[in-house]
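Visitor: Take a look at this one; I'll ask things after.
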């Protein structure tokens, strides 16, 4: 293990050493670039593009390109990127993660690799965690730098309409958010008109700001486009009413994993309450699902920590950023269970229409890189999942922040008292203070305690996130006290006011350790930017959630130790206790990493299926002649279906049975002539099958040509039939695929997904998922064939959207998936 870590460490040093050689070449061109006139920069960009087209690589162009960007940045913004920013930019171009501390200038750093990679003609996406940051860069001086260099730059945000998005995606460099990118991808793959597609260029290169937040913290949160599901509001209310009657003996909570189940007594109580014999009978599966959600809502989800209630709505709080997740809902009915718990309006439950995780979305890019101040603790995950190394970039000026050892207490109350005392002492000196909390609830507790001591302060949490920029702008001024959840202005520097450096800079006080050391480091990183002085210290207790949930039996020994060394409730430091908390964090980080890897294994099954479906959709959507695709599908389907009828061509009634089968399954009645079919059956089986297939192909071609002529004459549009065929095929695919996604979700639960870590459950999911997928593909092809061959006459045909009901009538989706078993057929390209 030590050898492996040493190898990784040496690899990072080696990468930085190589980057220095390149950075020196960039610096050596500083004087040359300073001689250029403003109008020369566009000319120089065109020259670099031509050199790339003639065969020079981006690596060969890098020194000149970066030097050009440095000079352009200086002229437009008045700021010259430091040497360390050049190092970071080189690491980004190499497809790795540049770990740059707060205030080291990640924004300027990103311009260089974005410019260089845009010279290839492929788009570059600079991805931020929120629209505020994307707008700031696009609308400010940063966007002007790209224009000065002769590149186009765009912005893609939620409020953009289709035309605005299309223009933005055509730009050389695009500023956008991770969520908008993902949703655009899903929406494009649900589109039925190619003219409305917004992402028409390849996924070439992405630079992700706050990369750990997006690829680690949000990795377990899928992007979902949902649609209305069945109405079940009464069940949520009934389950909520039942759970309110429970006592501790009726349920069992596993604190570490936050899972909850009914005990035997709880099951008996449920069966009595709902007047049923067996709660686990298949007919009560929906009721059981609602009870489980109600249990989670009541006993594992906490108001002002996991969610908040505002204007009669339940709003999710992001556990890593502290922000409200606008427009998001907890999935699988949990959100509705929380609404029932809080007595607010229960929204319509939704089912999944399309979904993708950030893990799989960003792996669509040919090259991926990222920036953050805190990635080193997660470098194994970045390497294993995304094939990116984390390279620590040195600071431009030495880091002089003082990070004091944790203050440790037995009780939370003792901890809060000491925190307030420290705040009072430093506030009297005029030193600005940032108090970091893990939840909205704790931030409000601290606020009340400060108010009792007449300390004027600002509070920044999910309830008033709209004031974030204003609060952060003042957080570094003399006498300011700011309480913040871990949203704490990430992406925005806290600048010190006049005279604050002499007072020791910003003091950061943490109210408890987070599950991840990385989040702790982010809080510390608010102080000590760009060589400024600063101070940080965490206040922790044995009653903190981290210790209670993950401490296990050792927590009792820790409490005993604390009581021995601290009999007065005063602050104390203990290396042993600090190490105990650090070990817990490492354990949780490792467990979360394992869980994300396990989730990815499951999601990769969906990814393969999704890519097959989306590839087929694109072929149909972009084809100038979709009727040819339809004819090919129809021929394959029917040709396969008729094979059993040709095993014995001498059977006297075989032609009649074949015609009956075809006209019942696919064709309109009266399509076939019995004498023509009988004549074919007079030949040998193999010859007869070959001839009949030709006969069928001719029939289908004639039907399509007749339909095409009729549709085009009726609507006076030579392209109308193509549009109708395309619409029918896409709608059939979409309706079945939406159902398939939800079936896969049911399957995931059915194979015991909650008990992850058992290889058997994954193999079962993989096998049954393939069966479901094959069945879906068969149904899609059958429906396309039948729908097209039985098209209504033109005079009765309405515009495509009004025909949706005639496409899919089979609503008998089999939810008892795990009981089915059959041989697995591997489908990679099912329709080709």
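Using the three backbone atoms N, Cα and C, a Cβ is placed for every residue, glycine included.
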Visitor: Check Swiss-Prot for me: it has 85, 103, 104, 105, 106, 107 binding ATP, so pick out which one of 406, 417, 493 it puts in that same site.
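Guide: The candidate from 406, 417, 493 that Swiss-Prot ties to ATP along with 85, 103, 104, 105, 106, 107 is 493.
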Visitor: Ranges 769-800, 801-832: which does Swiss-Prot label region 'Disordered'?
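Guide: It is 801-832 that Swiss-Prot annotates as region 'Disordered'.
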Visitor: Across all the protein chains here, work out how many other Cβ atoms are within 10 Å of the Cβ of residue 106 (ATP binding site).
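Guide: Result for residue 106 (ATP binding site): 23 neighbouring Cβ atoms inside 10 Å.
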Visitor: Which residue among the binding-site residues 104, 493 has the fewest other Cβ atoms within 10 Å of its Cβ, if you could check?
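Guide: Counting other Cβ atoms within 10 Å of each of the binding-site residues 104, 493 gives the minimum at 493.
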Visitor: By a 10 A CB contact count over all chains shown, which of the binding-site residues listed here is most packed: 85, 107?
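Guide: Buried the deepest by this measure is 85.
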Visitor: Based on DSSP, name the secondary structure state of residue 106 (ATP binding site): helix, strand or coil.
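Guide: SS state of residue 106 (ATP binding site) = helix.
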Visitor: Suppose the ATP site is 85, 103, 104, 105, 106, 107, 493. Which further residues of the same chain have a Cβ inside 8 angstroms of that site's Cβ centroid?
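Guide: Here the nearby residues are 100, 102, 108, 109.
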Visitor: Got a sec? Which of these binding-site residues, 103, 105, has the most Cβ atoms within 10 Å?
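Guide: Result for the most crowded candidate: 103.
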